[in-house]
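Over in TrEMBL, the protein carries these features:
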type	residues	note
TRANSMEM	C:6-24	transmembrane segment
TRANSMEM	C:31-51	transmembrane segment
TRANSMEM	C:57-84	transmembrane segment
TRANSMEM	C:96-118	transmembrane segment
TRANSMEM	C:138-163	transmembrane segment
TRANSMEM	C:194-218	transmembrane segment
TRANSMEM	C:230-254	transmembrane segment
TRANSMEM	C:266-282	transmembrane segment
Amino acid sequence: MSDFYFSNIVLIQSTFTVLLLALSIQIQFRMGVFSFAGAAFYGMGSYGVAILVLHYDFGAFSALATIVVICAVIGYLLSLVVQRLNGLYLAMATVAFVMIVTVVAHNGGALTGGSVGLFGVLTPVEISVPHLLAVCAVVVAAMIASERGAMGRRIEAVREDPELASAMGINVARYRKMSFVLSGVLGALGGGLNILMMTAIAPENIGFPLIVLALTIIIVGGSRSWIGVLIGALIFTWLPVVLEQVGTYQSIVYGVIVAIAAIFMPGGITGIVTDLYRRRSARSNADALESEQRLEARAAEEDAAEAAELQAELASSTTPSGGSR
Amino acid sequence: MSRVDRGCRVRILAAIGAAALVLAGCGSGGGGSLADGDLPDQVKVVSVTDQTGTTAYVGSSQLKGIDLAIDEINSQDYLGDTEFVLEKRDSASDTQTAVSQATEALTDRNVSALLGPVLSAHAVAIAPLVERAKLPTVFTQSGSEGVVIGDYTYRATAPMETYFVKALERLRDQGARTVSVLYNAGNVTLAGLGEHTIPEGQDEYGYKVLSNTAVQASTQDFSTTATRIAGENPDAVIVLLVGAGNSTAMSQLRQAGYTGPVVGNPAAGAGNLAPAGAAGAGMYWATDFSFHQTAPSSEAFVESYRAKYNGENPLNYAAEGYDATWMLAHAVKNSGGSSREDIQRGLAQVVSEGFDGALGPVTFEGNDMRVEGVLVEWTGSEEVLVEESDVAE
Amino acid sequence: MSQLVIDALVLGSIYLLFCLGMSISWGTIDILNFAHGGIFMFSAFVASQIVSHVELGLVAICVISAVVGAVVSAAIDVLAFQPILRRAKNQRTAELQILIGGIGIGTIPVAIVQFYTLSEPFGFLRSTYETTVHSFGGMRLSSTGLVVLGCALVLTVSIAYWLKNTSHGLALRAIGVDPETAELMGVKRRQLSLLTMGISGGLAGLAGALLTFNLGAITAESGETLLIKAFAIIILGGVGSTGGAALGAMILAFSEVLVLRYTGGGWVDAVGFGLILVVLLLRPQGIFGKKEVRRV
C-alpha cells in the first residue's frame, strides 16, 4: 500500500490541488456568478509563492499566507471592477483576466522566469500530503457548512432568483463580492500548495487549460455540491493514467468522454445520483400516497355506505303512517 | 512426537530456509553496490518522454534512437548475459504527467536509470526529484538551466549556443556586416540565442544587429516583421523559430523582397521548410547532428538506423537518444554493476573520458555534453552539408 | 508605413474569415461554438490529405475544405448542441453546457490530427497554385493576400445582406431576439439552426484553407490561438453584428501589428485580451451590438 502511495504521490497531491482549483470556480457558480477568476488566482498563487520563496527567501507557510491574502484582496478589487457584468459577458471578462495573467507570466523576465518559468522552489519545511489534507479538510468543512441550513438556502436563493433574494433582505451584491474573495483564497491555496510540492511552474501550466479542467470537473462531477467536485477531481486526475493504457488514442478518448458528459449528464454524476435517489424516494412516496389514497377511498366508501344505511333507517322510521308512538 | 509432526517441522524449516535464500537473492537486486562481475540478468531502464501531444515528433524520434541502442546493446552482448529492458512512459507533453511518471520510476527500486524528457519545462521539474532520490538520469534536448544540477543528472545534448557559433563564423566569412533577427521568445533556447548569444557576438564576428524582433510561441504570421526586415535591407537575416514558423517566415521574407542568406536553427530541419518550396532555399543552420556527417561512429549509426527503420534518415533527436542510452551501457560496463550508485560511478567515468557516438566524438563539460556540430543548408528540396569542422571543440 | 496597412488588412481579413462563422452562430442561435477552431483546422487537414494524393488548384481545395467544415459542423449540431438545448432547464445552463460540450468536442479533431501528424506542420504541398507577388507604388501584396482580402470582403457583405434582407436572415435574427415567439410565428428553429451551423462550419473550413495557403503550413494547434482572438473581435464589434465583426477584426489586426512593430512581440496576445476587458467594462454590447435585455 505504501508503495502505491509513494509511487503515485504526484497524482495524489494533484487530486487535492485540483480540487481546490475547481472549488474556487464552483463556489462562484453556486452563487450564480459565472466567473473563471479562480484559475487566475491559482496561477497567481503558484507564481506568487514561487517568487516569494525564490527571490525573497520566504518560508513555505509565510509565502502561502501572504499570497492568499493578496489574492483575496485582488478578488475583492476584481469584483468591484466587473460588478455590472453578468452571464456570458462576465465569463468572457474573467477568461480575459486569466489570459492576461498568463501573458504577464510569459513576459515577466527574470522575475517570472519567462517561458521556462520558475523552478527549484524548495523550502526548509517540505510540504506534502499531510499538509494538503489538513487544508482540504478545513476547506471541505467550510463547504459543507455553506451547503446546509440557512446559509445553504440563502446561497441558493442568490443563485436562482436574485431579485426575490434581495426583496427578502439578502444583500446579493455582498454575496457576489464574497464569492470573488473566496475564489481568490481557494485559488491561491491550490496554486501555492501546488508549487510547493511540484517545485516548478511554467506559463503553460496556468491559464486556459486550467479553465477547461475545472469546467470539465464541475460538469462531470456535478456543480451543486463539493462532493461532485471531489468526484470530478478524482476522475480527471486519474483518468489520464488509465487512458495511458489506451496508448496514442488517449487524447481522442478524453475529448469524447468530456463531450458525452456535457451532452448527456447536465447535472453531472451527483446530479444523476440525486435524480435516482429522488426518483426512488418519489416512487416509494407515490406508493405510500397511493395506498393512503386507497385506504381513504375505502374509508370514504364505508362512510358513504353507513350514511346511506342511516338515511334509509331514518326514512323508514319516519314513514307517513301518522299516529304517534 | 508423531511422524506427522516431525514431517511438518521439517517442511517448515525447509520453507524458512528457502525463504532465506530467496531474500538473500533479492538483496543483490537494486540495492547496494555489487562486486565486479555480479550483474543481474536484466537492467531496467525507464524512458519518460512525449509520444503524443505538441512535441510528439521530438519524443518519438528520440525513442527510435533509444530502441535502436537497446537492440544493439542486447544483440551484441555488450554486457555479457545481461540485457537492458526498457519501459516507456508517454508524458503526453504535460509537465505533471512527466513528473508523476518520473516519481513512479524513482520509487521503484528495480529501476536503475531514467532516460529523461525532451522539454525543458519537464526536465527542470524532474531534475531535483531524481537528484534527491539518486536515480541516474540522462536528459536529451532540455536546454535550459536547472536541468544538470548534480551528480545524478546528465544531458546528452549540447546546448545550442555551444555550436551556434559555427553559423556566426560563416556569417563572418560571408562578409555580413548587418543582420536582422527574428526569434521565438517562447522557446528558452531560441530566446537565449536571440537575447544573448547574437547581440554578444557582434564584436567578435563583425556584424551589427539592425533589429531584434521577439515573437510569441503562438505567432503564426510574420508578415509585419518580414516587411520591416526587408525594408532594413540587411546583409543577412537570422530566423529562430520552431515548426511551421520556419517555412512561413521564409515565404514571407521572400515575398517581402528579401533575397539574401538566412541563418536558422535545427528546428527548421525534419522537412519543416518543405511547404515554403523554393522560398525556403538558402536557409542554413548549425546543428548537433546531421545524417550526412562523416564521423565514422555517426555513419555507423545512420546505417544501423536505416536498416532498422526502412531506409528512413535519423533526426538529431534520435542520435541524442541513441547516445544517451549507450552512455548508460558504458556506465554499467565501466562499473561492473547495475545499481543506481554503480551507474552513477560509471557515468562519471564516461563523462570524464568522452566517447564516439552517433553525434560524433563527444566530450563533456561537467555532466553536460559537447559536440563539434555541423552546418547544414536547405536547398529547397533537401538538407545538405555545408561543412564539418575537423577540429574537435 | 503603408505596407503596414496592407499587412494589417490581410491579417484582419484572416481574422474576419475565421470569425464570421462564430459571429453568425453566436449572434443568432446563441451557440458559442468552442469547437470552431478545431473544425477550422480539421477541414484544412482533410483537404491537405486529399491534396497529397491528387493535385488540385486553389478553388478546388477551398471548396473541399468548406464542405468538410460544413458537414462536421452540422454533425456536431445534430449530435451535441441540439440534444443539449433540448435537455437544458434554462437559458443559462444551456449556454454553459454548450460551452463545455464545444470544448470537449473541439479537442477531438485536434487530437485526431495530432495523432496523424505528430504535431508536425502540414500544408498543400502538391497544389497547383503558386503564389505571386504584386508590387505597386512601393508596396507588395501577394496573390494569396489578395484572395484573402477579396473573400473576406465578398463574404462579409453577402452575409450582412443575407441576414438583413432575406426571409431566412430575418427568421434567424428573430430567433436571436426571442426564440419562443419566433417559433410561435412559424420559424422552424431546428432547421434554421442546422443551416446556420452548416454555414458557420463552411466558413471555418474556407478560412482554414486560405490561412494554410497564406502561411504555407499550419499545425494541429493552429485553430486554438485564433479562437480567443475571435472572442475579442466579436465582443468588440458586438455580438450579432457582421459589420461589427469586420470592424473588430480590423481594429484587432491593426493594434497587433502596431504593438509588434513598436514594442516587443511578447505583448501581442495581450492586445486581444486587453481589448476584451476594456470593451466589456466600458461598453459591454460592443460597438454595434444592441443592449441586451436579459429576461429574468
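Along the chain as shown, residues are numbered 1 onward.
Any Cβ shown, glycine's included, is placed from N, Cα and C.
Away from its own ends, the transmembrane segment (C:266-282) comes close to residues 225, 228-229, 231-232, 235-236, 251-252, 255-256, 259-260 of its chain (Cβ-Cβ under 8 Å, at least six residues beyond either end).
Listed by sequence, the residues of this chain that lie at least six past the ends of the transmembrane segment (C:57-84) yet keep a Cβ under 8 A from its Cβ atoms are 21, 31, 33, 35, 39-40, 42-44, 46-47, 50-51, 94, 97-98, 101-102, 105, 109, 124, 127-129, 147, 190, 193-194, 197-206, 208-210, 213. Simply put, out of C:6-24, C:31-51, C:230-254, C:6-24 has the most Cβ pairs sitting under 8 Å from the transmembrane segment (C:138-163). When Cβ-Cβ distances under 8 Å to the transmembrane segment (C:230-254) are tallied for each of C:6-24, C:31-51, C:194-218, the top count falls to C:6-24.
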